[in-house]
């Protein structure tokens with residue numbers, strides 16, 4: 001397996017030289033964004049074991065040696081950034097309706113854990129009952145510089161000013177610039193406009209362009225070069241990847257972090273092709289798998 005990966009990386013070597021001139025340099029050895037690193041990104045925390053996007057989910061991911069914890073951001077009616085995947089409250093809480101129509105005080109009254117016990121009775125635990133929806137501030141207060149953050153701006157068109165609020169929080173917690181280690185925070189989004197805005201506000205803050213399967217089906221070299229003007233990497237649906245398009249993305253000097261990879265065989269195949277990390281609900285599993293590479 002290691003031999004397969006070495007061969008794939010050798011084929012890409014000429015393209016990877018261009019990585020030195022990406023908007024945010026990521027080639028220094030030991031840097032979290034080095035193409036030599038294989039990153040474990042805990043998708044919504046250790047969400048295969050614990051209710052997603054809860055402090056407990058992130059704590060569990062840390063114990064499982066995840067390199068990054070992933071945060072999806074939504075904004076409340078009163079302008080507070082909370083960590084939740086969906087724009088609506090219904091799936092992961094006992095509330096109903098759109099996040100944007102509720103204040104933070106309203107959302108703090110909700111149970112964000114019991115749904116997991118009901119959906120996955122084989123994984124149910126009493127301590128999941130009553131878990132709360134965390135704010136971005138609460139997550140940064142809890143983990144500070146002791147975690148690396150992979151943060152998605154969700155639905156930025158719905159939440160004007162989200163990017164500025166996010167950057168202000170990162171600055172407050174000294175997670176930008178000289179106060180942080182290179183690559184400690186990565187911003188991702190399906191919205192090119194949101195990432196370009198982040199890049200304009202903070203040129204040294206790494207961004208990753210998320211890609212749907214249909215976008216991968218029509219991906220071109222020109223499109224990848226455009227992504228490279230504002231991002232250090234691409235985050236496609238792993239099911240849309242094959243050896244050829246992995247090689248194409250990497251040849252443009254972009255990091256490649258597909259989502260959401262939960263099967264061990266898929267992990268091995270993607271690593272053999274040359275991805276530089278994955279999003280997974282099972283960070284402990286991927287941490288074990290990548291040791292062979």
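Backbone N, Cα and C define each Cβ position, glycine as well.
The Ca(2+) site recorded in Swiss-Prot comprises 70, 72 together with one of 138, 152, 163, namely 152. For the sn-glycerol 3-phosphate site, Swiss-Prot lists 43, 44, 70, 85, 152; matching the candidates 127, 184, 188 against that entry yields 188. The 10 Å shell around the Cβ of residue 152 (sn-glycerol 3-phosphate binding site) contains 23 further Cβ atoms across the protein chains shown. Separation of the C-alpha atoms of residue 188 (sn-glycerol 3-phosphate binding site) and residue 72 (Ca(2+) binding site): 9 Å, rounded to the nearest whole number.
Residues near residue 44 (sn-glycerol 3-phosphate binding site) in space but far in sequence (CB under 8 A, at least 6 apart, same chain), listed by position: 52, 53, 57, 70, 72, 85, 281.
Comparing the binding-site residues 70, 72 on other C-beta atoms within 10 angstroms of each C-beta gives the minimum for 72. Residue 43 (active site, proton acceptor) and residue 152 (sn-glycerol 3-phosphate binding site) are 11 Å apart (CA-CA, integer value). Ranked by how many other Cβ atoms sit within 10 Å of their Cβ, the recorded positions 43, 85, 188 place 85 at the bottom.
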